[in-house]
Amino acid sequence: MAWPLLLLLFSSLAFSHAQLTLDYYAKTCPQFDAIVRDITQQKQMQFPTTAAATLRVFFHDCAVDGCDASILIKPTAFNKPELEYDINQSLAGDAFDLITRIKTALELACPGVVSCADVLATATRNLIVQTGGPHYKVPLGRKDSLVSNVSNVEAHLTRANATVDLMIKKFQLMDIGVKDMVVLIGGGHTIGFVHCKEFANRIFPTPDPTMNPILVERLRTMCVNYTNNKDMAAFLDVISPGNFDNVLFKNLMKGIGVLGSDQLLYNDPRTRPFVELYAKDSNAFATDFAVAMEKLSVYQVKIGNQGEVRKRCDAVNNAHA
């Protein structure tokens, strides 16, 4: 599933952001960059959906109380974390496996030094670049969250059938303008995928008249057994799903958007100019997406005693057994 839905939260740079540095691990874990790079590249080559999966996990993490790896915490008998929220239950396992692989290697090389939040932020950037997207700086020094609670999620995520009114309203509450909203959604969906149940109402039983008939038939064939197989999914960019590019925006202009909320971005006069801009200017898309991601990656980061460096990414250090 993708993140049409997300309320990506970021604000102006604050004091805590200034505590992050690009060379944070230069002395304490000089192998950091190489370990993250090598394992990320290997995982993506083995499982090409890893980039989309990790990007979605990153967005879902940052959207709820900041980029602090709270999304990675597994449920226990004592706590229902963010992962228990129904939308988060469909997050793909390849992303979690990637973070576990990287964290395990880092704990062997420099135990107790690198946070899971920094691993997730850096791996996401590397995967975007690996699939053809823009490079952007990821300052480091985030701490991992001490808590993860399912009750914190509802206010920050919307559903796949969100209207443009709702998306704009929610994003504006976070001081995120329409342009940033469009570029972030487009970036998230250019390599994203979505489970059939999220768009089934557009193809069954009566197809959405705004949807390209050829696309309808392809999706109907692909999702014919979606009620029995919950894992059935489709790429959001049906033309170049493995490439981080601006084709998604071109698709929307041709009526071949898989998600209704995506297609609405072209149909609505408030968002349409930005869809048209990014469809015709790939450089503008790449530049604006990189700027937005650099801002997002430092949203409400934890520093000092606001967090910790987890020994395992799926549990806080003082978790109950």
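FYI, residue positions are counted from 1 along the chain as it appears here.
Positions of Cβ are set from backbone N, Cα and C atoms, glycine also.
Disulfide connectivity taken from TrEMBL links C110 to one of C29, C62, C67, namely C29.
When TrEMBL is consulted, the disulfide partner of C116, picked from C223, C313, turns out to be C313.
When TrEMBL is consulted, the disulfide partner of C62, picked from C67, C196, turns out to be C67. In terms of Cα spacing, the binding-site residues D61, D68, D237 that come within 10 Å of H189 (heme b binding site) are D237.
Other than the site residues D61, V64, G66, D68, S70, E82, same-chain residues with C-beta atoms no more than 8 angstroms from the centre of those residues' C-beta atoms, the Ca(2+) 1 site, are H60, C62, A63, D65, C67, A69, I71, S145, S148, N152.
Taking the centre of the Cβ atoms of T190, D237, D245 as the Ca(2+) 2 site, the nearby residues of that chain (Cβ within 8 Å, site residues left out) are G186, H189, I191, I239, S240, P241, N243, F244, N246, V247, L248. Spatial neighbours are here defined as Cα atoms within 10 angstroms of one another, and by that definition C116 (disulfide bond) has no neighbours among the recorded positions V64, T190, C196, C223, D237.
Ranking the recorded positions R56, C110, C223, D245 by the distance of their Cα atoms from the Cα of S70 (Ca(2+) 1 binding site) places R56 first.
Using E82 (Ca(2+) 1 binding site) as the reference Cα, a 10 A cut-off selects H60 from the recorded positions C29, H60, T190.
D245 (Ca(2+) 2 binding site) sits 25 Å from C223 (disulfide bond), taking the CA atoms of both as reference points.
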